[in-house]
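Taken from Swiss-Prot, the feature topological domain 'Cytoplasmic' covers 1-14, 76-81, 129-136, and the record attributes it to sequence analysis. Taken from Swiss-Prot, the feature transmembrane segment covers 15-35, 55-75, 82-102, 108-128, and the record attributes it to sequence analysis. Annotation source Swiss-Prot lists topological domain 'Periplasmic' at 36-54, 103-107, citing sequence analysis.
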């Protein structure tokens, strides 16, 4: 079996990087559309007189922040030279678990487990922002 030459490997790498960039660009545009739809939905819920609309509003706000964080992650990917910073994934994980607690808070044990997961993610975030692991 022959090994690939260096120029061929670089060409394949460039093609794959371009496909990845185009895919992330499309995903970013789709997320912007969803962010716009969520904005309209939040405006509708804000002016709804029902009591349940308050819970919908809080849940919608957290979903809004999730869209926002994913878009920020894609922007940061392009700004940092095609690299995903780990801390952005941790932010998204914390926000997603907070949303889960807001939506599904019937079982106290589940809420405790979710809270422990958030604590673990916050510790991870602290470690990622420490001087030894800080890259930016």
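Cβ coordinates come from backbone N, Cα and C, glycine included.
Keep in mind the model is a prediction, meaning the values are calculated, not measured.
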Could you give the residue numbers and ranges of same-chain residues that sit at least 6 residues beyond the transmembrane segment (82-102) on either side and whose C-beta is under 8 angstroms from one of its C-beta atoms?
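17, 20-21, 55, 58-59, 62-63, 65-66, 69-70, 72-73, 76, 111, 114-115, 117-118, 121-122, 124-125, 128-129, 135-136.
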Give the nonlocal contacts of the topological domain 'Periplasmic' (103-107) in its own chain as ranges (CB under 8 Å, at least six residues past its ends).
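That would be 59.
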Report the DSSP secondary-structure composition of the topological domain 'Cytoplasmic' (1-14) as helix, strand and coil residue counts.
9 helix, 0 strand, 5 coil
Give the residue counts of the topological domain 'Periplasmic' (36-54) per reduced DSSP state, in the order helix, strand, coil.
14 helix, 0 strand, 5 coil
Same chain, outside the topological domain 'Periplasmic' (36-54) by at least 6, Cβ under 8 Å from its Cβ: which residues?
60-61, 63-64, 67
